[in-house]
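Undergrad: Structure in structure tokens, see below.
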Amino acid sequence: MNYKNVFSANSVNYTLAAKYLRQGKLVSFPTETVYGLGADACNGEAVATIFATKNRPNFNPLIVHVPDLETAENYVFLDETSRRLAEKFWPGPFTLVLPRKEDCPLSPLVSAGLDTVAIRVPRHHMARELLQTFGGAIAAPSANKSGRVSPTTAEHVAREFTPEEVPLILDGGPCEEGLESTIVQVSGQEVLLLRPGTVTPREIELVAGLPVRLVKNADNPVAPGQLKSHYAPRARLRLNATHAEPGEALLAFGRAVPKDGVITRNLSPNGSLTEAAASLFSLMRELDELGIARIAVMPIPMQGLGLAINDRLERAAAPRPDEEEA
Ligand code: TXA
Ligand code: MG
């Protein structure tokens, strides 16, 4: 294999990979399921770069990888059942959706603005070594462009991304399983299976002592009506606004912002789409928490990450399910 961004497993390369992650760059690494496209999960702009690099036209929440259960507890709250499942299936191809802790330092973009995080401890020795060396949490979807199949070799990843996009791919040979992890969420007296994988419903039931229910298309919310798995602001949004009308707050973008005393939050004063993506969910939340009822949103260019930002804003501006008949 002759790709300039494919690196073998040795301590020098783990150190380099961890350094790139700290710099906000993307690193691809093998797991037992598929190759991941990783970024520092606490760095919003790095996480935004994942979406830009995958050409994702929307923001799906991502899976956060941690070295062990103890580290997971820095970020999320584990109920008793989830803890039993984690103790049984971690490390391994098993992801738990759990509530974020109050002071959770993970970027809101990894959760697509939700109050929950999908988190797992991978079993692959290279993923584990990288997590140990980095010493933090790594957000990583499968390392493929949007709409393509998940990669199971370093060469698949190298064919998909240039060294400018992904400067380092750790080569661990072919993945053992080749199928993405099982995703579950404990909810009351049942376990919701959000994505089937190699950990089976029967195995989960035995450990949880609760029935497992498959939730169809949970990992693919397509229509605005399926907003449940996304953060929907309470405030009403008016898009492509040049200024705020009376009673509206302004969600601005870029330098040319009207200075007329209205409550204003700027997605990116420099007009950076990466910065705007990183701040989108936290600013929508901030305006909600101020009790703002209506938000005027300035235009966001329809290019690169602008597609995903506009997709999210259009969903937020669409009629709410309880209003649709009106
Ligand atoms: O096997 C795997 O899990 C691979 C390797 C790289 O670890 N990763 C992976 O990540 O498949 P990703 O980001 O492509 O999977 C994300 C899926 C989304 O489709 C989403 O539906 C679900 O996980 N998800 C993430 N966060 C969620 C949340 N807070 N609530 C519900 N579902 C969530
Ligand atoms: Mg994928």
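Cβ from N, Cα, C; glycine included.
What TrEMBL lists as domain 'YrdC-like' is 11-199. Look at TrEMBL and you will find Thr33, His65, Arg120, Ala140, Ser142, Ser181 tagged as L-threonine binding site. According to TrEMBL, the feature ATP binding site maps to Arg56, Asn60, Thr116, Ser150, Arg195, Tyr231.
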Undergrad: Which binding-site residues, if any, among Thr33, Asn60, Thr116, Ser142, Ser150, Ser181 have a Cβ under 6 Å from ligand 1, given in order along the chain?
TA: Thr33, Asn60, Thr116, Ser142, Ser181
Undergrad: Which are the residues of the chain, Thr33, His65, Arg120, Ala140, Ser142, Ser181 excluded, whose CB is within 8 A of where the CB atoms of the L-threonine site average out, their centroid?
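TA: Filtered neighbour residues, in order: Thr31, Val34, Gly36, Ile63, Pro93, Thr95, Pro122, Pro141, Glu180.
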Undergrad: Any idea of the Cα spread of the L-threonine site, Thr33, His65, Arg120, Ala140, Ser142, Ser181, as a max distance in Å?
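TA: Output for L-threonine binders Thr33, His65, Arg120, Ala140, Ser142, Ser181: max Cα distance 14 Å.
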Undergrad: Using a 6 Å cut-off on Cβ distance, which of the binding-site residues Arg56, Ser142, Ser150 come close to any atom of ligand 2?
TA: Ser142, Ser150
Undergrad: How many Å separate the Cα atoms of His65 (L-threonine binding site) and Ser150 (ATP binding site)?
TA: 17
Undergrad: Which of the three DSSP-derived classes (helix, strand, coil) applies to Ser181 (L-threonine binding site)?
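TA: DSSP call for Ser181 (L-threonine binding site): coil, neither helix nor strand.
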Undergrad: Around the Cβ of Asn60 (ATP binding site), how many other Cβ atoms lie within 10 Å? Please give the count over every shown protein chain.
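TA: Asn60 (ATP binding site) is surrounded by 16 other Cβ atoms within 10 Å.
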Undergrad: Sequence gap of 6 or more, Cβ distance under 8 Å: name the residues on the same chain that satisfy this around Ser150 (ATP binding site), in order along the sequence.
TA: Val34, Tyr35, Ser142, Ala143, Asn144, Gly178, Glu180
Undergrad: When DSSP states are folded down to helix, strand and coil, where does Arg56 (ATP binding site) land?
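TA: The residue in question, Arg56 (ATP binding site), is coil (DSSP, three-state).
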Undergrad: How big is the gap, in Å, between the Cα of Thr116 (ATP binding site) and that of Ala140 (L-threonine binding site), rounded to a whole number?
TA: 16
Undergrad: Give the mean pLDDT for the domain 'YrdC-like' (11-199) on the 0 to 100 scale.
TA: 96
Undergrad: Among Arg56, Arg120, all listed as binding-site residues, which has the most CB atoms within 10 Å of its CB?
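TA: Answer by Cβ density within 10 Å: Arg120.
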Undergrad: Compute the C-alpha separation of Arg120 (L-threonine binding site) from Arg56 (ATP binding site), stating it in Å without decimals.
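TA: Approximately 22 Å lies between the Cα of Arg120 (L-threonine binding site) and that of Arg56 (ATP binding site).
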Undergrad: Thr33, Ser142, Ser181: which of these binding-site residues has the sparsest Cβ neighbourhood within 10 Å?
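TA: Checked Thr33, Ser142, Ser181; of these binding-site residues, fewest Cβ neighbours within 10 Å: Ser142.
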Undergrad: To the nearest Å, how far is the Cα of Arg195 (ATP binding site) from the Cα of Ala140 (L-threonine binding site)?
TA: 16
